[in-house]
Amino acid sequence: MSISLGNAFIKNFLGKAPDWYKIAILSFLVINPLVFFFVDPFTAGWLLVVEFIFTLAMALKCYPLQPGGLLAIEAIAIGMTSPEQVKHELVANIEVLLLLVFMVAGIYFMKQLLLFIFTKILIGIKSKTALSVAFCFTAAFLSAFLDALTVIAVVISVAVGFYAIYHRVASGQGGSQTHDHTCDSDVDELTREDLEDYRAFLRSLLIHAGVGTALGGVMTMVGEPQNLIIADQAGWMFGEFIIRMLPITAPVFICGILTCIAVEKLGICGYGAKLPENVRKILEDYEAEERKNRTNIDNAKLIIQGLIAVWLIVGLALHLAAVGLIGLSVIILATAFTGVIEEHSMGKAFEEALPFTALLAVFFAVVAVIIDQELFKPIIDAVLAVEDKGAQLALFYVANGVLSMVSDNVFVGTVYINEVKAALMDGVITRDQFDLLAVAINTGTNLPSVATPNGQAAFLFLLTSALAPLIQLSYGRMVWMALPYTIVLALVGMFGIIFFLEPMTAMFYDLGWIAPGTIESATSAISSGH
């Protein structure tokens, strides 16, 4: 049946997305300029933020790059922000973009080693609770030294590998190397239930690992990008940063691990799914088959990948170069020494991360609108106006937490630390209060932001990855599964800010572990970020 040209244009717009979704996006594009010019630019700015969050929430209906990108282009066109401000945001976050382009591709070339290690862990640890704790703890430990995005890229790579192994067998194509694991049409009805259980099992492990990256990432100055900016502004080095965060990070870490155990034991919020026996059998058979067929060429590849993994951890922990550049070195070393020299073989490695890199650039355009329209200014001003120092600490933590749930935590942390630094320089607050506020800002941006995928770049990457539709991980499901962690991490962090931070910091001073900062040390700290 032929289709008219007009209908063809409508059908092509956002492709297979539902009609109601297309109408919603078109409505946003009509409403935004009207609100901006005839109502209030501030209101239009917040409207854009809400609409962008909507596109993220609907990521399984339509990848957010297209609808979010259209909204961002229009925002720039009508003057909500400028191309220069967007470019400034991209330049300020170039390390994150380099990381996505090169590090995620680098991890792709280490897939054999990762599958080898994690298959042993998955088969070796029979208890789901112990396995969940292992994933959460390992992700936390790695995120204290590596970037959370790198850790999540590793976990996603492993999960896709596990999923593909089972799906290939369940579809009756055990030996096929060209099997499409995104298509369920060949899956036997008897195995479909196992497949659903397996998806639930992988979902829970991924969220545990994702929260683990937040638990570990808050502890050190290299754990998250905003930590580096905060440490820089405060003039703290690696060791001092860890000690200053301890009054909050130690109880939060313990309670986070206890939450991991509790949700698995109670089976709430989508947790508790066990590895189906049929799936375990397939993975064990796969592991035995791999072991039997492994040649010296395969062993040589594993050894090379192991050595590259050591270089990766050492290079990142010691900050020998920008994260993305270390990722590029991983690509070069891994391909050179494992014989991957064809361009088309290398192209696959970049498929996963480049759409997300483009999405992140759009995200920074929205951040540029937040800056130019001063959307957060009323909240920041209200918190800084509070006289009581204890209440100010708690309010900073809460305000950071709430804003980090709707915006990028790197941006929120940067804006707040710059405002507090300005207050210190103007003599509004003391150096001691500045140090305590810096701790509140760091923990506030890192802990409550696990509530939604927009707060943590690692969560957003997971939501928009090729894995999410395979294991049916939607925005709403992520928020629901993160809920127990959000409540525990946010409340324990708040408790630590109110009751532990000041007395324990004073105790650390008395013990001589850290020294009180001076205004001079903050003045000499090199300004970073915005």
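Keep in mind that glycine also has a Cβ here, set from the backbone N, Cα and C atoms.
Residues or ranges marked as transmembrane segment in Swiss-Prot (evidence: sequence analysis): 13-33, 34-54, 90-110, 121-141, 145-165, 205-225, 241-261, 306-326, 327-347, 351-371, 455-475, 481-501.
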Spatial neighbours of the transmembrane segment (34-54) not adjacent in sequence (6+ beyond its ends, CB under 8 Å) are 24, 28, 64, 68, 71-72, 75, 78-80, 363, 366, 369-370, 373-375, 406-407, 452, 454
Can you name the far-off residues of the same chain, 6+ from the ends of the transmembrane segment (121-141), with a Cβ under 8 Å from a Cβ of it? 151, 155, 162, 201, 204-205, 208-213, 215-216, 253, 256-257, 260-261, 264-265, 271-275, 280, 283-284, 287
Between the transmembrane segment (351-371) and the stretches 90-110, 241-261, 306-326, 481-501, the largest tally of CB pairs under 8 Å belongs to 90-110
Stretch with greatest number of CB pairs under 8 Å, the transmembrane segment (241-261) reference, 90-110, 306-326, 481-501 candidates: 481-501
Who are the chain neighbours of the transmembrane segment (90-110) in space, where the CB to CB distance is under 8 Å and they lie at least 6 residues beyond its ends? 147, 149-150, 153-154, 157, 225, 305, 308-309, 312, 322-331, 334-335, 338, 340, 348-350, 352-354, 356-357, 360-361, 364, 410, 457, 461, 529-530
